[in-house]
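Step one of this worksheet: look at the structure below.
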Amino acid sequence: MKWIEFCTRRPVAISMLTFAVLLFGMVSQSRLELTLLPDLSYPTLTIRTELPGAAPEEIETLLSKPIEEAVGIIRNVRQVRSVSLAERSDVTLEFNWGTAMDFAVLDVREKLDALELPKESQRPIVLRFDPSQDPIMRYGLALKAGGGEARRTADEAALKRLRRIAEDLVQKPLEGVDGVAAVKIAGGLEDEVQVLVDLGKLAQFQLTTEQVEERLRAENANISGGRVEQGASSYLVRTLNQFKSLDEIRETILVARAERSIYLRDVAEVRAGFKEREAIIRVDGHEAVEISMYKEGDGNTVSIVDRIKARVGQFGRQLPPDVEMKPLYDQSVFIRQAIDEVVYAAIEGGLLAILILYLFLRNAWTTAIVAIAIPISVVATFNVMYGAGLSLNIMSLGGIALAIGMLVDDTIVVLENIHRAHERGLPLAEAAVTGASQVAGAVTASTLTTVAVFFPMVFVEGIAGQLFADQALVVTGALIFSLVVSLTLVPMMASRAARARPVVPANAVVGDRGRLRRRLSQTRYAAFESLPALLLWPFVQLFRVIGLALGLLLRPLAAVWQRAFAALERRYVPLLDWSLDHRLPVLLTATLLFGLALFTLPRIGVELIPPFNQGEFRAEVQLPPGAPLERTDAALQEVARKLDANDEVSAWLAASYTVAGTGNRLDANPETGGENFGTVNIVLKPEAFSNEGALIAELSRHLDVLPGASYRYARPALFTLKTPLEIEIAGYDLDQLERISESLRRRLLASERFTEVETTLVPGHPEIQVLFDQERAAQLGLDTAVLAARVAGVVRGSVATRFRIGDREIDVLVRGAERQRANLDDIRNLVVNPDSPQPVRLSSIADVRLQSGPSEIRRVDQQRVIIVSANLAYGNLGEGIGEIEVMLAQTPLPSGLSTRIAGQSEEMEVSFRSLTLALALAIFLVYLVMASQFESLVHPFVILFTIPLAAIGAIFALYLTGSVINVVALIGMIVLAGIVVKNGIVLIDLVNRLRAEGQALRPAMIEAGRSRLRPIVMTTLTTVLGLLPMALSGAEGAEVRQPMAITVIGGLLVSTLLTLVVIPVVYTLVQRDADAVDSPAPEPLP
């Protein structure tokens, strides 16, 4: 072919083009972002709206339902979920992958602007992330070691100081980091000016708390008064009336009367205090302030963490010398380690593939030509990744690792044919062109069969589609580049292998002009060829020494390998001859193996995606409702001290810290995630990752003795996935929903298969409910809405204004005195109309009682649901789903209620269905390519028998290694369908060629088997050994790579062994007339 001839004649041009591709590839690689996986979390937006004083049922009616109806019609919305909490509504929108989130935000804001919500509610806030996701990074701000007991207890002044440092020096700079969605501070004490009103004195002067708030708000203001021109000067007029001290606040005049003015100090105590604590953070037993960073929903974790660290390095020097900022959690560490492990596995696999090539070829130069296809194809693929906007993740890099063993396949075939052409007497340059041209069509078709399996990826939905897309593009790019290398660079290098140094032609002109021309030619040769060779001579000699040393080391191994392969060749031909005489037993054996594999298949578990062992987990502890924050802190500290007292356990820990209260949970419900909630956070040393199970058992032993406590374990969420098993019970009657959900919860708890069984409908904290008698209130001329706000203002308080100190603003909270709101009787005795001469107590117009209401109301796609969730104690997801289906079938449902199994099982069903369709389409496309290549409908059908043979090996490999079937294993099966047919193509193509040359069917089949045994075994082993490090790896992130590697290795090995016997048998069966031949392939493999 002309381009192959061009390549052999223009080696410098081809070399420069190769260097250019490599240069751009390295630049592209340096700009690729690092991520653990392709984005598996649906793009999300959360609309957060607050309505002070509203219960969950009111929040649902007034906020959640109207917002759901307004935004549910936005384009590309996949699902609408809402959680109605006390005083807050969170409506989360899940969008389809690929949605332009900037435009989605604009669409959401447009719908919200047209929505009419209660005037008492705050303006909805649109968060570009899911609040239920874990932060990507946490720091602990604490006093430095050496403070002794003072450091452990940290008095109020120290905790206030830590909180101020966190807010002023840490939070503000970090909020400006690109990609950071929110910075949450927890722990410490937050400054607050408290105005504690004496309700009796307030009633004495006939004033209300609302009047106190209004006066404080009015007096604390700086107002611009315009401009005054006087002569040539211009002056700004400003009224400066902001509070400068607490005394000024105390001297605020509430009302001026004829007899006297009423000051704030007359009816209230004004003091500097701190807000009610929401969390107590302890790092290594010492109180600290926790700073948590959340990323935007579509942000890159590693890049954002790098920017956070850079910003921390900038302001870290400004921290006081006695304060330290200690990293508690860094999600990027695990991601980097997982990426590094994939890179190491790919390098190891490449080296093993090259070793196999050398053992077969036993020629350093030939091995180098074949091996050079690997780095060139890989680096060139980085250009494709950068252009497509992909990242370096364990799936894209796993695609490179998968392709490494296959990148040499085309090169091996091309070089072998060049060698055969050279042996027939052709000069090396001509043999390179002829040999490469003869197999160009065949290797192209062979590569296209592998590439074709990736086209159906456009039909793959769900998580499988996200995982498959990156890998498909990377493998496709790498294989196409390897094909280009095998048909351009390889023939060029092969043609130069033994080329002699250029000399001056013998018929050159002699004479002065001829000698001058010859001298110029020699000078030009020395300048442009000898000088570079001289500069490279030391490196060449070094490589020769290394090659000689490696040759000496590998020579014994190569000799053993050659003897072993020679023995295999001697035994294979008689085996093939016997198989052709006993076709029925061979086919029955293959069918029996396939049936045994199908019988084994149901015994292999199924799951969506393997869980990650990150070396970090947390125990989420829930004490009985009503437990105060201090009690929760004491319980967690007791557990932490017991762990520290165990020398063996403490040796495993890299860090541990406890969070009592809401902590950094942006989705926390103050009812269920409040003072009685806490976490024990554990970070293991890398060498102790395998001890995670033992540590969990030890921690559970200590948690079990906490009175009335429940707990569950969780790991940091690298991406948003639902609980493995979720039962959604939909309906509108909360009582019926609660009854059915509780029944299912008890049945799940009774089964040993399920653990961490929870329901979203749990009773909230004991609450004091005020039920107004509206008729009685109306008779007294009272407005119940005003009364409800007044009760809330006394009990909870209201921020009237903000007190400025420097550039800091502190809330000024107006609230009833503590002694007048301490218990139920105090609430009943509240005077609800202190501005009236006829006082009315709350108990006279309302029923004030203790009650427990729902803590939250969840809705999915505009319907109330209660979700019963569970994890698996043992077994696999498929078995768990089967058991739940039986439970649901045995549970009678009242009219108006419905159930469905959701969670990961729902996503798994979508992904498995899509992958099954993709596999069928991949097989069909492979058939189309082969039919086009062979110009036959029968021969491709014969080759497709390699796919069920590969399934035998894949199923047994998964079963014997204890692996389960998940989306990664199914992706491996699809890839396998494109790989295994290459061996059949190589074999059948040569059979057709030999038969076209006149050989009979049986001799042609035996000769083809003998001739193609070496390249088939060689390409199989390079692929298998290229994947072997990935299959054997036990390092970070290996869980998600191993199923694919195991599937491909098992399927390829078994398929290769059976292909060499079964395919010849099937071919002779379908070839009814031994003398008739199908149309041979236009460019058969040699």
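Using N, Cα and C of the backbone, Cβ positions are placed for all residues, glycine too.
Since the structure is predicted, the reported quantities are computational estimates derived from the model, not experimental observations.
The range from 91-108, 253-270, 523-540 that TrEMBL describes as transmembrane segment is residues 523-540. Matching 16-34, 586-604 against TrEMBL, the residues noted as transmembrane segment span 586-604. Here the transmembrane segment (910-929) does not lie next to the transmembrane segment (586-604) in space: the count of CB pairs under 8 Å, restricted to residues six or more apart, is fewer than 3. Proximity of distant same-chain residues to the transmembrane segment (941-961), defined by a Cβ-Cβ separation under 8 Å and at least 6 residues beyond the stretch ends, is recorded for 590, 593-594, 597-598, 600-601, 603-604, 923, 926-927, 930, 969, 972-973, 976-977, 980-981, 983-985, 988, 1043, 1046-1055, 1058-1059, 1062-1063, 1066-1067, 1070. Each of 394-418, 967-992, 1013-1032, 1044-1070 was scored by its Cβ pairs under 8 Å to the transmembrane segment (472-492), and the highest score goes to 394-418. Highest Cβ contact count with the transmembrane segment (967-992) among the listed stretches 342-361, 368-388, 394-418, 1044-1070 falls to 1044-1070 (criterion: pairs under 8 Å). Beyond its flanks by at least six residues, the transmembrane segment (342-361) meets 367, 370-371, 374, 394, 397-398, 400-401, 404-405, 408, 412, 554, 557-558, 561-562, 565, 1014, 1018, 1021-1023, 1025-1030, 1033, 1037, 1041 of its own chain at Cβ-Cβ distances under 8 Å.
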